[in-house]
Ligand code: SF4
């Protein structure tokens, strides 16, 4: 399948058994929004995220109670068969929490360190060193995660002053990007000086503006070979957050930049946290980098579809595929490569259906009430009657059994 022209070479990092970078497929990760000290709620949400397909889950570790909860959460997840790596998100007092809670340091698969929030002035160096020494002791990787909302002010001020005194000053935005990149690279260099291997270091440089994000990661990617975590920070809610994240990350991924991604969506109140995982998967899948779920191609409908039959069928089929996938993944290896088309009329219906593994072209307004079905490009049946949807679902199930069942599938093609 098509992908980026050339994937950027990065040093691979093993995060609790999940390879990030070094040529490994781009990894999907997410973050809980529960109070980590609330063990039940956090376990429940990590399970939801892992079931949705998050391959790494980050949790907040902000105080003693949450640090104490981490090993219990880890054990409880393991007892239920969830071995998804947990990443601890530390700000301000990470050095103290990891020192005071060795079981937390051991249970986590990676520590996220924000160089802008490690400490100030003289304390910054010693507290950063403590974090790295603990990571070295427990053989854990770290993500040095710079965020422009908490950028190292001393570094930014120094670069701004140098720029103001320069004969060829650059824009304030460019200075800010430089400060973000330098914060990440100088921290990584310091971590290496403290004995950390390059295969234990990931970097991220998150901003909330799409063009700045693209520029900052392009520059960072050209200046180092550390594995990179991509994310548009504070992406926002709903379609705005999805579009902004997809635009920014899609461009970078297409350029071969990025080893792991997170879509930082703000959920609706009471909304589903797993949406960020689904969006990340759909982004990678729609660009042809990875495959997670069978794809349903459906036309948008128009004046030729005055009934909702085909919308209902498209949704039915997509829901059926999504809910069946946990079981099918085991039973039908390669089923995630399946493509299904549900089309609204004769204009593009037969043509699009022929491109899918199995497709149906429903009758548009004024057409004969018959729905041709195509399998691997060939018309195999014409469905009629009120139960066309059920007939088609049965045909999809039969196709999956035939193509992906009993190890006879040729899904890797
Ligand atoms: S395939 Fe037919 S119903 Fe669907 S958008 Fe095209 S013309 Fe309209």
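Using N, Cα and C of the backbone, Cβ positions are placed for all residues, glycine too.
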Recorded [4Fe-4S] cluster site member, picked from 336, 352, that accompanies 299, 302, 345 in TrEMBL: 352
Residue 299 ([4Fe-4S] cluster binding site) CB neighbourhood, other CB atoms within 10 A: 21
Secondary structure of residue 302 ([4Fe-4S] cluster binding site) (DSSP, helix/strand/coil): coil
Fewest other C-beta atoms within 10 angstroms, as judged across 302, 345, which are the binding-site residues: 302
Chain-mates of 299, 302, 345, 352 with C-beta within 8 Å of site centroid, [4Fe-4S] cluster: 300, 301, 304, 305, 310, 343, 344, 347, 348, 349, 364
Nonlocal residues around residue 352 ([4Fe-4S] cluster binding site), in sequence order (Cβ under 8 Å, 6 or more apart): 297, 299, 341, 343, 359, 361
Binding-site residues near ligand 1 among 299, 302, 345, 352 (Cβ under 6 Å): 299, 302, 345
